[in-house]
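S.K.: Have a look at the structure that comes next, please.
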Amino acid sequence: MRPRITVVAPSRIKPLEIPEFTTIWQFKDIDISHFLDLARGQCRADKVVEALSNGVKSPTVYVLDCDGYYPGLNFVFGLAVPVLKTAVVFTARLVGPRFEERLVKEITHEAGHLYGLAHCANPSCVMYFSNSLLDTDRKSPYFCPKCRENLARIL
């Protein structure tokens, strides 16, 4: 049995198959203006997750149409806080002809963190840390055997 996640996405995004998870899609256009750091033109990821986690009871990944950052990093594609059961994926850097593929990978990656998986050293594994879009494009949308085994142990 696959683990379950809820994905809350802007209404412009169509539901996508997230191969490693049973996925419930909800559509909500979230006002990002109060998350935006005007000096950077980016949303601070940890503050976004904290704000959106209110009332979350099961693993939930929010998809936001903005660019995200975390203190000490120029940008992040997403951030998960397992204790809050909440993650966020930012779409700004995923644009292009591979947008849907990239979005699936980033949702899967952050959902993996929500279930307790760490970053993986295997560059083909979806849990590999992406420093760039090239890293995201190279990796698959699937867990490697080691991460799949770790997830099975966690579940």
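Glycine is treated like the rest: Cβ placed from N, Cα and C.
Relevant sequence annotations retrieved from Swiss-Prot are reproduced here:
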- GLU110: active site, proton acceptor (ACT_SITE)
- HIS109, HIS113, HIS119: Zn(2+) 1 binding site (BINDING)
- CYS120, CYS125, CYS144, CYS147: Zn(2+) 2 binding site (BINDING)
S.K.: When neighbour density is defined as the number of other C-beta atoms within 10 angstroms of a residue's C-beta, which of the binding-site residues HIS109, HIS113 has the lowest density?
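M.R.: Sparsest of the binding-site residues HIS109, HIS113 by Cβ contacts within 10 Å: HIS113.
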S.K.: What same-chain residues, at least 6 away in sequence, bring their CB to under 8 Å of the CB of CYS147 (Zn(2+) 2 binding site)?
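M.R.: The answer is GLY112, LEU117, CYS120, ASN122, CYS125, VAL126, MET127.
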S.K.: Sorry to bug you, but what's the C-alpha spacing from HIS119 (Zn(2+) 1 binding site) to GLU110 (active site, proton acceptor), rounded to the closest Å?
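M.R.: That comes out at 10 Å between the alpha carbons.
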S.K.: Give the distance between the Cα atoms of HIS113 (Zn(2+) 1 binding site) and CYS144 (Zn(2+) 2 binding site), rounded to the nearest whole Å.
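M.R.: Cα to Cα, HIS113 (Zn(2+) 1 binding site) and CYS144 (Zn(2+) 2 binding site) are separated by 14 Å.
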S.K.: For CYS120 (Zn(2+) 2 binding site), what is the secondary structure state per DSSP, taken as helix, strand or coil?
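M.R.: Reduced to three states, the DSSP call for CYS120 (Zn(2+) 2 binding site) is strand.
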